[in-house]
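Here is what Swiss-Prot records for this protein:
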MOD_RES   MET1  N-acetylmethionine
MOD_RES   THR2  N-acetylthreonine
REPEAT    10-31  repeat 'LRR 1'
REPEAT    40-62  repeat 'LRR 2'
REPEAT    63-84  repeat 'LRR 3'
REPEAT    86-107  repeat 'LRR 4'
REPEAT    109-128  repeat 'LRR 5'
COILED    148-216  coiled coil
REGION    150-242  region 'Disordered'
COMPBIAS  229-242  compositional bias 'Basic residues'
TRANSMEM  245-265  transmembrane segment
Amino acid sequence: MTKTGSKGGNLRDKLDGNELDLSLSDLNEVPVKELAALPKATVLDLSCNKLSTLPSDFCGLTHLVKLDLSKNKLQQLPADFGRLVNLQHLDLLNNRLVTLPVSFAQLKNLKWLDLKDNPLDPVLAKVAGDCLDEKQCKQCANKVLQHMKAVQADQERERQRRLEVEREAEKKREAKQQAKEAKERELRKREKAEEKERRRKEYDAQKASKREQEKKPKKETNQAPKSKSGSRPRKPPPRKHNRSWAVLKGLLLLLLLCVAGGLVVCRVTGLQQQPLCTSVNAIYDNAVQGLRHHEILQWVLQTDSQQ
């Protein structure tokens, strides 16, 4: 049969005690659901069919004690095949198996195994032996179980080693990340400190500039009166004004000399009888007489004479 359901309805009719014979049934697939409904069928014969694979849920038929899968086209067994922990007898004669799943090591109750006529891996083929009789098949079961346990242990060690490598790599990544984050924090901290210092300097510079600006008007106000009061004495008179005073002084001096000369001539020489000299002498006498009666002049003359 090419479909699992074509004969699924009469599986119970094939059940003989605890044995269910589905050999030579032209099966391409295993009727797992129907088999799961027959937990009494602890002995299952699926030999001489066209099975190339077993579904993963086949491993849920944990009630199986004896299983015949010989003369099919099986290329591999499910990864969870070791779940069939009650299996004691397993016939895999004449299939296309190269290796067995690691979980095979869990079949602790397996007592009989036939792996003849399979393209097994050379190491596994050497362990399995020839399986030519009952004794060799029992030895095959024992040796293959021991071999698969060793393979399982090796794989577990390899898995643990990979996990350790991954953990170490993760630790290194975490340490690297932490170092990177610490470096970034330190960089941010330094940048923040530099920014704070820059702002402080700007603030101090602004305060200093403000103080200078406040001092500058005071200096100007303090210096302004000094410049006004002190500049006048130092300021030289215009040259033109100096020249005028010099000329005026010269003229006055010349006039005084002329007056004095004329006065001397009129009083000493023989010209004193002349009308002009008579007038000059009269003016001089009146002036001297008036000055003598002046109170201030008298006080000055007395003071001078006392000294």
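Sequential numbering from 1, following the chain as shown.
Just so you know, glycine gets a Cβ as well, placed from its N, Cα and C.
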Secondary structure composition of the repeat 'LRR 5' (109-128) [DSSP: H/G/I, E/B, coil]: 7 helix, 3 strand, 10 coil
Reported mean pLDDT - the repeat 'LRR 5' (109-128): 96
Closest-packing stretch to the repeat 'LRR 2' (40-62), where packing means Cβ pairs under 8 Å, from 10-31, 86-107, 109-128: 10-31
Structural state census, the repeat 'LRR 2' (40-62) (DSSP three-state): 5 helix, 3 strand, 15 coil
